[in-house]
Amino acid sequence: MATEFSWDEIKKENVDLERIPVEEVFEQLKCSKEGLSSDEGAKRLEIFGANKLEEKSENKFLKFLGFMWNPLSWVMESAAIMAIVLANGGGKAPDWQDFIGIMVLLIINSTISFIEENNAGNAAAALMANLAPKTKVLRDGKWGEQEASILVPGDLISIKLGDIVPADARLLEGDPLKIDQSALTGESLPTTKHPGDEVFSGSTCKQGEIEAVVIATGVHTFFGKAAHLVDSTNNVGHFQKVLTSIGNFCICSIGLGMLIEILIMYPIQHRTYRDGIDNLLVLLIGGIPIAMPTVLSVTMAIGSHRLSQQGAITKRMTAIEEMAGMDVLCSDKTGTLTLNKLSVDKSLIEVFPKNMDSDSVVLMAARASRIENQDAIDASIVGMLGDPKEARAGITEVHFLPFNPVDKRTAITYIDESGDWHRSSKGAPEQIIELCNLQGETKRKAHEVIDGFAERGLRSLGVAQQTVPEKTKESDGSPWEFVGLLPLFDPPRHDSAETIRRALELGVNVKMITGDQLAIGIETGRRLGMGTNMYPSTSLLGNSKDESLVGIPIDELIEKADGFAGVFPEHKYEIVKKLQERKHICGMTGDGVNDAPALKKADIGIAVADATDAARSASDIVLTEPGLSVIISAVLTSRAIFQRMKNYTIYAVSITIRIVLGFMLVALIWRFDFAPFMVLIIAILNDGTIMTISKDRVKPSPVPDSWKLNEIFATGVVLGTYMALTTVLFFWLAHDTDFFSKTFGVRSIQGNEEELMAALYLQVSIISQALIFVTRSRSWSFVERPGFLLLIAFVIAQLVATLIAVYANWGFARIVGCGWGWAGGIWVYSIITYIPLDILKFIIRYALTGKAWDNMINQKTAFTTKKDYGKGEREAQWALAQRTLHGLPPPEAMFNDNKNELSEIAEQAKRRAEVARLRELHTLKGHVESVVKLKGLDIDTIQQHYTV
C-alpha cells in the first residue's frame, strides 16, 4: 500500500501525482470514482484555494496617481512648475493661485477618471464573471455544471470536444483524446492522450470525451506556474495610437504657439519677463485637452456595459471601435440565422430496408443520441419518442462515440436483451453513405433523396446499424447497413430577414457560412432575402466544377458571394483572410473549437450563444442571446459609442487651436495679458461639461465608421481657427471701437483692462463650450437634440461663467465684473457667430468626402420632413415588393394617404398589419412549397387561395 501524504505535502507538490498509477492518485487524494461531496469540496477549497490564477492587488493610491502620469498631464504639471518657479521673477511673488488651480484641475480630472474607471472595472468584472469557465463535475453522486473555480484535487470532471481543460488532471477509462496544447507548449499539432495520461489546465479538447480526476488547481497547475513567471500585457491597439496622435498634435500646436510668442514678445516687443510667462501659461493650460484620456476611456467603458445589456459582452474594449467599422459579417446559418430548433416530419423519412419502418429508423437514431447534455439534433431525435427513456430501454450501453468534426457522426455500441451486440450510428449523410459503402442504385437513390430535401431547405441525417459478432467494443463488426434518411427542418428566425435588411441599410454585408449543402444554403438565402449567389467550399480552393467560376479570382469571388456552403472551419479562416486582404473590416461568428483560428483572425471574432469554451476564449465579443439581431444591435451601439469618441476628439483639437491662436493673436497684437487663472476656470468648467458626453444622445453613422485623423485634424483646425478669429474680432470691437455701446447701449470699457478681462473670458467660455453641440451632430446642431445631462451641464457651466463675468472682483486675476448689459451683448454676439460653425462643418466634410450635403437633407439624419425618417415609406415599398413576389395584386387603397378616408394612426396600424401578414405569408409559402414538392406534386396545378 502506498504511503499516504498530508494535504500540506500534496499542496507543496511533494507527491508525484503526475506519474504514479491512477489507483494511487485516488488513494493519495482520498477520493473515489463517486466523486466528492459538497462539504468535502468546500473543505478542500479552503486548503488549496480557488481554481484560478492569483490576481495582483492594486494599490488604489498609486492607481490614482497614475492618472496624472501621461504626456497630457506632464504638460499641465510643467505649467504648474512654471507658475511657482519660472514665474518667480520681475519683482513678483510665485503665482501660487495658478499653481493651486492647476493642481485642482489635475486632481479633479484624476478623481473623475479613478471613480469612473473603478465603476467600469467593477461592471466589467461582473460581466466577465458571466464568461467564467464552466465544467461538468461529479459532486454528491450527481453530474452537474459548475464554475471551474470551485474545483479541487480529487474532483471528477468530464472533458468533451470544445472544452478548455479546467485543471491539471489524470484521464480515466475511455477512448483517447486529441488535445491541443499549443497555448502551453507551442506544439502546433494536437497530441493524443490515453487513459492514465495527464492533461494540463488551459489546453483544449479537439476530439473525444472522457472522465478525469483533478490533481492540481489554480497556481499549482502547469499553466499557473508558467503564468506566474511572466507579467500579462495589454494590447493597446489602434485606439491608443489614435489617442497618442491627437495628443501629440495638440502638444505640437501649443509648442509652436509658445515659440512664436517667445520670439516676438521678448526680442521684438521687449515685454517684461513675468508678462511673457503668464501668456505662455495661458497657452499651456488652456490648450491641453487634459480630460481626453478620461472621456474616451469612460465612454468606451460605459458603452461596453450598454452592449452587455443588449446581449453582447466585450472581452476586448477596443473591439468596439472595430465593430463600428465592420462592413462584412460572416454569419453561421444554424442558430444565428435559424432557430436551431430542429423538427423531423416522420411522414417524409426515407426508409431503405424493407423490414423496417420510420419508427424503427427513429429508434436507431435515438439510440445513437445522448440522453443528457444534448445538442439540437439529439434533442429533436429523442424528442420524437413517446418517452426519452425508450432510447435506452432494453439495452445496455457499452460504448458511446461522441460527435467530432472529423467523423461527423455519433455511434453507440450496446447489448440487447438477448445478449447480442449491436452498433447504431447517425450523422452527416455522406459520412454514413461512405461508412456503409453504398453502391449502385441504392447510392443513387440516397443522393436523390438528399438533394430533394436540400432543394427545400431541409437538412439530411443518415442512420446506419451493424451487428458485432466479436462482442468487443474494439472490433470492426459486420458490414454496416444503411437504415434511412431523416429530414431536419431548421426554421429561420422570425427576425432574420428584417435584420439582414437593416444590416444592408447600415452598410454591413452579411454572408452566410454553413456546413450544409449548397442547395440548403441557396434556399435559406432565398427565404431570408439575402441573395442566392452562393458557392460550394470547393470554390475557395479553386477546385470548383462550375466553368463560370474558373476565371474569377478567389478573393473577388469571396467578396461578391452571398455565402458559402459545405464549409469546414479551415475554410472560415481563408474567407476572413481574403476579405481582409481586400481591405474589409470583417466580423466572423463561431461556436466550435475548430472555429477558434478564424475567430482570432477576424477583426471582430464573435462567439455565439452556447459556444464552446475554446470559441469564447478566441473571440472578442461573446453573445449571451441567440440570433443575428443581437449582432446588428451591437453594431449600432458600437457606432454610437464611436461617434461620441470622435465628436470629442474633434472638439478637443478645435479647442486647442482656438485657445492657442486666439490668445496668441490678442497677446501679440494688443499686448493684452490674459490671466492664466481665468483660463483655468474655463478649463475646469469645460471638463465638467464634457464628461457628460459619454452618455450623450447621438445618431450613429449610417455607414461603417473608423478613425480618420485627416478629418479630425482638418475639422479641428478650421473650426478652431474660425473661433479664434471671432475672439480676435470681439476683442477689437470691445477694445478699439464703440460697436457694443452703440448696438446694445452699454457703457464703453475701452482702456479698462479688468472689465475687458471679464468680457473676453465670457466670450471665450460661451463659444468654446457651445462648440460641442456642433461636433456632436451629423446634421444641423440645433435639430439634433443633445442628451439631458450634457444640456444641463452646459447650462450650469455657462450660468457660473456669466455670474463670474458679471460680478467677479478678483485682484489676483486682474478681473472686475462687466455687468449684465455687457453679458447680454456677449451672448448675442456668441449666438450670431455660432451659426456659421455648422456650415463650416458641412464644407469640410464635403471637401473630404463629397457627401456632406446629404446631412442637410438626407432621411438618415434628424433634419427631414419625413415621419419616422421615412420608415413607413420603406415598409410600404417592401410590402409591395413582397406582394409582387407572391403574385398578389397591388393594394388599391392600402397605402392611400387621403386623410379624409383614414386617420394617420389607423393608416400606420394598417401598414404594420400588412407588413406582418406578408412576412408570415413569406415563411408559410416557403414551407408549403417544401412539403408539396417533396410529395411530388406540381404546385402550379393546385388552386391558390392566398388572401390578404
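The chain as shown is numbered from 1 upward.
The backbone N, Cα and C atoms fix where each Cβ goes, glycine too.
When the topology recorded in Swiss-Prot is consulted, Pro166 and Arg776 turn out to share a side of the membrane. In the three-state DSSP assignment, the secondary structure recorded for Asp332 (active site, 4-aspartylphosphate intermediate) is strand.
Counting C-beta pairs under 8 angstroms (sequence separation of 6 or more), the transmembrane segment (247-267) reaches the transmembrane segment (65-84) with 3 or more such pairs.
Between the transmembrane segment (713-733) and the transmembrane segment (755-775) there are 3 or more Cβ pairs closer than 8 Å, counting only residues 6 or more apart in sequence, so the two stretches are in contact.
By number of Cβ pairs under 8 Å, the transmembrane segment (817-837) is matched best by 755-775 from the list 65-84, 674-696, 755-775, 788-808.
With DSSP states grouped into helix (H, G, I), strand (E, B) and coil, the topological domain 'Extracellular' (669-673) comes out at 1 helix, 0 strand, 4 coil.
DSSP assignment over the topological domain 'Extracellular' (268-276) gives 4 helix, 0 strand, 5 coil. In sequence order, Pro569, Lys572, Met588, Ala615, Ala618 are the residues of the chain that are 6 or more apart from Asp595 (Mg(2+) binding site) and have a CB within less than 8 Å of its CB.
Counting Cβ atoms from all protein chains shown, Asp332 (active site, 4-aspartylphosphate intermediate) has 24 others lying within 10 Å of its own Cβ. Tertiary proximity for the transmembrane segment (65-84) is limited to same-chain residues at least six positions away from its ends with a CB under 8 Å from its CB atoms, namely 94-96, 98-99, 102-103, 105-106, 109-110, 113-114, 244, 247-248, 250-251, 254, 277, 280-281, 284-285, 288-290, 292-294, 676. In the three-state DSSP classification, Asp595 (Mg(2+) binding site) falls within a helix.
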